[in-house]
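Only one structure is covered here, and it is reproduced in the block below.
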Amino acid sequence: MLQFEGTLAQVKFYQNNSGYIFMKLNDGTMIDVSGATGTKRHHHHRHSSKSNKTATGMINNENETQSSSSSSKKKSSSDKTGAMGLGATNSHDIIEHDISNLANLNQLPASGSFESLKLSSERLRTIIAALHCNILIRKDDLVRNLDYAANVLEAVYQDETKRLMEEDDDALSEIEPDSVPNEVRDWLAMTFTRSMSTIKQKPTEKKKFKSVAQAIRAGIMVDRLFRRNTLAISAVFHQTINEWTFDVFSVNEFTNGQCLRYIGFELMQRYNLPNKLRIPVTALQNFLEQMESGYSKYHNPYHNLIHAADVLQTIYQIVYNSGLMNWLTDHELFAMFIAAIVHDFEHTGTSNNFHIQSRSDVALTYNDRAVLENHHVSAAFRLMRIDDYNIIAEFTADEYKNFRHLVIEMVLATDMSSHFTQLKTMRSLLSMPENIEKAKALALILHCADISHPGKPWNIHHIWTKSLIEEFFTQGEKEKALGLPCSPLCDRENTLVAESQIGFIQYIVEPSFVVMGDMLDKVLKSLVIDSQLPSPSIPSRSQVTSPTPSAVSSSESNAHGEESNGAERVLPSSMTTPTPRPTVVRRPWSDYLKSNRERWIKEAEEERRRKELNVIEEEP
């Protein structure tokens, strides 16, 4: 606030593209104050003693305020400046001169150049100054300059988009063009990067990667859930649920096609989460049943309830056998389970790109971004709003907020198009001394669990591969019926299955599990260091609130006496006798990835021979 002639006035300052500084009063008067700061004047500006007197009474070089006691000093200084040809001028003249330059649109810098950014910024500021002073601008000049500035902004946006896409492509750029078939290159690029939404290359053009489930009520719930084959199911769970080689297909057969609810309840029961988190048991049962219904909605060969159960067991196995269960609170553990359960809820059996190209309702709802992943998590939370399925009814506002945030982060991270960005971010975090944020860590683990079947034994991996390829082929048939280009690996007649799996393992799965393993090592080491710090007055979380298996769990004695394919988890025999923790996480998937890739290489050779024979037989 400035004071002159007994009146308080609120002023604003502006600077035009020629460097002149103006002060705007409450009545709209614009006063050129450039002379007070020594700014060079334009030769045509007229001197105004009125503006000069007002300016010198109101401007201070350091504070932009002036007390009445220093007015005379500033006045004499300004008079001296005026004598040198640097006096005040009429601000409208300066702005009008700048406006006259708006008509000059010849030989402007290209919209993608650095110079265009500065020029468009200056012209926009001239237009703003003119509007403040109520100075008219020719409509044609205004439109043409705004159009030019819009083109510059669009060019910047396109350059930034291209840069983000190239970051994805760089992760694959070292791959030799001949090392992977064209169709496999297309599939990897379309699925795991943001650089391809359609295929528009010539058939003969060789593509490169530069573009590439209170505890369960003892009598009632057990009778309802385990009324058939109870002993057989329990035996399977107790012996294998902690193992990397868990056979979800056998469990699904034992449970009459209800493996998701069985595995979900077993894991929730093991850690007594219904009791600890006040989860209504009936609502939990209803929720899991509805999950199975949603997964069966489209009768998908791959994205079905078996896949959800497999991912749930896999993410549990990774965290449990890495010795990281004590790293999570009960609410975080529950959120991890729920995220795995809902991560493909109501999957349509088609890709995000299919929805975008066919302009489906779900693509329009989520604006072509992580279309299915947004639907999965949104549909699950909408289900929880219904009383019969509200498993989080007793959560506080903060508990709900944190739970929802973690579930959303984890599920959205399963969007395959963000694959390389996720790995790049985690690699950066691994190089820093700070601890890994739980949300990012759990998101990566879920993503890896989602694509983990190539790291499982061949008999399990091969079943999943056949199911996925059949789902791809079904999508390809839908695309042909709609007149859409057939997506990579979706053409039943020409797809090379073995080659696709070689590329999938080598360029997607294996690098992901390497980064995840390194991340688990870092988290485990930080836990070991924290556990060695003296804390005599505060009991460790493993003694109080850690999500260790509940005593009510029927599988407790078995769960802790086993040694699985992952890191051995042994509880201390005494609370005063700590058990040393391992500092390196076992990686049971490594050998399976290697052996499965080698087997696919042999399969690819056979695939090529069969194809060559077919060509010979077709020749006249």
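Please read every residue number as a count from 1 along the shown chain.
Keep in mind that glycine also has a Cβ here, set from the backbone N, Cα and C atoms.
These come from TrEMBL:
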{"type": "ACT_SITE", "residues": "His303", "note": "active site, proton donor"}
{"type": "BINDING", "residues": "His303, Asn304, Leu305, Ile306, His307, Asp344, Asp450, Gln501", "note": "AMP binding site"}
{"type": "BINDING", "residues": "His307, His343, Asp344, Asp450", "note": "Zn(2+) 1 binding site"}
{"type": "BINDING", "residues": "Asp344", "note": "Zn(2+) 2 binding site"}
{"type": "COMPBIAS", "residues": "39-50", "note": "compositional bias 'Basic residues'"}
{"type": "COMPBIAS", "residues": "52-66", "note": "compositional bias 'Polar residues'"}
{"type": "COMPBIAS", "residues": "542-557", "note": "compositional bias 'Low complexity'"}
{"type": "COMPBIAS", "residues": "576-587", "note": "compositional bias 'Low complexity'"}
{"type": "DOMAIN", "residues": "213-607", "note": "domain 'PDEase'"}
{"type": "REGION", "residues": "36-88", "note": "region 'Disordered'"}
{"type": "REGION", "residues": "534-588", "note": "region 'Disordered'"}
Packing count at the residue listed as 'active site, proton donor' (other Cβ atoms within 10 Å of its Cβ): 23
Which of His307, His343, all binding-site residues, has a Cβ with the fewest other Cβ atoms inside 10 Å: His307
Which listed residue (Leu305, Ile306) has most other Cβ within 10 Å, given these are binding-site residues: Leu305
Other CB atoms within 10 A, centred on Asn304 (AMP binding site): 24
Cβ contacts of Gln501 (AMP binding site) (under 8 Å, same chain, 6 or more positions away): Pro454, Thr465, Asn596, Arg597, Trp600
Shell list (Zn(2+) 1; ref centroid = CB of His307, His343, Asp344, Asp450; cutoff 8 A): His303, Ala308, Val311, Ala340, His347, Thr414
Around the Cβ of Asp450 (AMP binding site), the count of other Cβ atoms that are within 10 Å: 22
Listed in sequence order, residues with CB under 8 A of Asp344 (AMP binding site) and six or more positions away: Tyr295, His303, His307, Ala308, Val311, Leu372, His376, Thr414
Site extent for AMP, whole Å (max Cα pair distance, His303, Asn304, Leu305, Ile306, His307, Asp344, Asp450, Gln501): 23
Rounded Cα separation (Å) that holds between His343 (Zn(2+) 1 binding site) and Leu305 (AMP binding site): 11
